[in-house]
Every structure is written in structure tokens, then in C-alpha cells.
Amino acid sequence: IHETKMDGGLLPDANGKEPSQGGQREDRGKWQKPRITRKSLMKCCLVKWIIDSTTNTQGPESSDCELELSTVRHQPEGLEQLQVQTQFTKKELQSLYRGFKNECPSGLVDEETFKNIYSQFFPQGDATTYAHFLFNAFDMDRNGSIRFEDFVIGLSVLLRGSETEKLRWAFNLYDINKDGYITKEEMLAIMTSIYDMMGRYTSPSVRDIDPSEHVDKFFQKMDRNRDGVVTIDEFIETCQKDENIMASMQLFENVI
């Protein structure tokens with residue numbers, strides 16, 4: 001999950017390179033809505049998967065160009081509605097949909113596809129468990145498949161949502177059984193799956209820190225009333241007030 005810039009440093013990406021910080025700005029310093037470019041969004045595995053599909057016939061000189069389609073053969077119903085529901089432009093939605101249809105002609109993504117995507121981008125670790133948890137977070141209907149509409153709405157939150165929206169999404173990821181609470185066991189399961197997938201590219205290395213120590217520390221801070229579970233209000237309030245926890249949330253930056 002791409003959080004706001006803060007102290008503590010960002011993790012290296014899957015290739016061990018330091019990610020860049022900051023948004024896109026116009027020359028006059030006025031904030032400009034980020035656009036889908038390879039350069040700005042290549043840290044997002046799900047976007048890389050889509051972009052690679054739509055640009056695999058382009059030459060290297062065009063690799064950093066914006067995805068602008070002169071012809072879009074497929075267009076989801078309710079494109080205008082998706083523009084309202086997301087932070088993506090019409091061109092961006094068309095680009096995402098083209099790649100989505102290239103990779104998933106049925107119009108649906110299944111869990112096996114998620115596992116293949118993350119195994120490809122994180123070959124140094126075991127991505128199976130994390131891909132399972134992430135898929136379940138996108139699969140809001142719990143029917144074993146994800147429609148384009150749900151896929152792109154989730155991406156919009158992760159890439160361009162407000163801090164609170166991103167934290168709500170992270171809570172949903174941690175809440176594995178979707179009962180409205182996070183247990184220490186659920187948090188440990190998610191963190192362990194991320195560490196297993198990232199392998200030696202986590203910072204600090206998983207060889208140096210046991211995930212359970214990481215979880216114990218943060219869960220104690222979040223469980224304010226000591227009832228053994230964390231509610232969404234406790235989760236959001238603690239994350240927003242504790243810089244160390246917010247910095248730790250940047251672990252998601254390179255695993256979405």
C-alpha cells in the first residue's frame with residue numbers, strides 16, 4: 001500500500017533497488033493527479049502485470065511512455081460509473097481494461113492468477129500464501145473470482161486513496177475471516193506471508209527479525225482496551241498516531 005511520505009525509509013523493491021518518493025507535479029508546482037506511466041507505477045505488481053500485457057509488443061524506447069490507446073476494442077459496461085468510483089481517468093481505465101482482458105479473457109481473475117503474478121515478481125521467496133490473502137481482500141463477494149470493476153476499485157484505493165481509505169483496505173487484508181476484528185494470529189499470518197515472499201529483500205532482513213516480535217510490538221499498541229482483538233477504529237487511530245507503525249505499513253508499498 002502506498003502510504004504518505006514519512007521518515008524511516010522505503011523498502012527496496014523486488015530487484016533490490018531503492019524506490020523513489022514523491023508524486024508528480026507540474027512545472028509550476030501545482031499538484032497534478034498521478035497518471036499511469038511505467039515509471040510512476042512500476043512498483044505495483046498488479047499494474048506491472050497489466051502494463052506488461054499491453055506493451056509487450058512495444059520497443060524499449062516507448063517503455064516509459066504513458067499508456068494511451070488509440071483504439072480500445074473492449075470496454076467494460078459502466079465505464080463512466082467507474083470514473084466516478086475511482087481516481088482513474090477514462091484513458092487509464094481503458095488501458096487497465098485492455099490488459100485485464102488480454103490476461104483474463106473470461107473477464108474474471110481467479111486465485112491461481114494472483115499466485116502466478118506474485119511468483120513471477122518475487123521469485124526469491126514463496127508468494128503462495130500472500131497471494132491467497134491478497135486475493136481474498138479483493139474478492140469482496142467471496143465467490144472465488146474478481147471482476148474487473150472490483151479489481152480496479154481496489155487498485156484505485158491502494159494507489160490513490162486517502163490515508164484512511166488505505167488503512168481501511170489494510171484492515172480488510174488483515175481481517176482474514178472477515179468478522180470485523182483482527183487477532184494477533186491473523187496479523188502474524190499476514191506479516192509472515194509477506195516476509196516469506198519478500199525473502200532477503202525485506203528491510204531489515206527476515207533473518208534478523210522474527211515476524212512474531214514485529215507483530216507482538218504493534219498488536220500491543222493497537223489493542224487499546226486489551227480485549228485480544230483490534231477493531232477498525234483502534235487500527236486506524238493507532239496507525240495515524242504512531243509514526244513507527246505508519247512507517248512499517250510501507251512494507252505493503254512493494255507487495256501490491
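Here the Cβ of each residue, glycine as well, is placed from N, Cα and C on the backbone.
Same-chain residues lying 6+ beyond the ends of the domain 'EF-hand' (126-161) with a Cβ under 8 Å from its Cβ atoms: 1-2, 33-34, 41, 44, 46-47, 76, 78, 82, 85-88, 93, 96-97, 100-101, 107-111, 114-115, 117-119, 168-169, 172-173, 176, 178, 189-190, 192-194, 196-197, 255-256. Annotation source TrEMBL lists domain 'EF-hand' at 126-161 (among others).
Sequence-distant neighbours of the domain 'EF-hand' (162-197) (same chain, 6+ residues past either end, Cβ-Cβ under 8 Å): 1-4, 118, 122, 125-127, 129-130, 132-134, 136-137, 142, 154, 206, 211-212, 214-216, 218-219, 222, 228-232, 235-236, 239-240, 249, 251-252, 255. Annotation source TrEMBL lists domain 'EF-hand' at 162-197 (among others).
Mean per-residue pLDDT, taken over the domain 'EF-hand' (210-245), amounts to 92. The domain 'EF-hand' annotation in TrEMBL covers 210-245 (among others).
Taken from TrEMBL, the feature region 'Disordered' applies to 1-32.
Long-range contacts of the domain 'EF-hand' (210-245) within its own chain (CB-CB distance under 8 A, at least 6 residues past either end) are made by residues 6-8, 163-164, 167-168, 170-171, 174, 180-184, 187-188, 191-192, 195.
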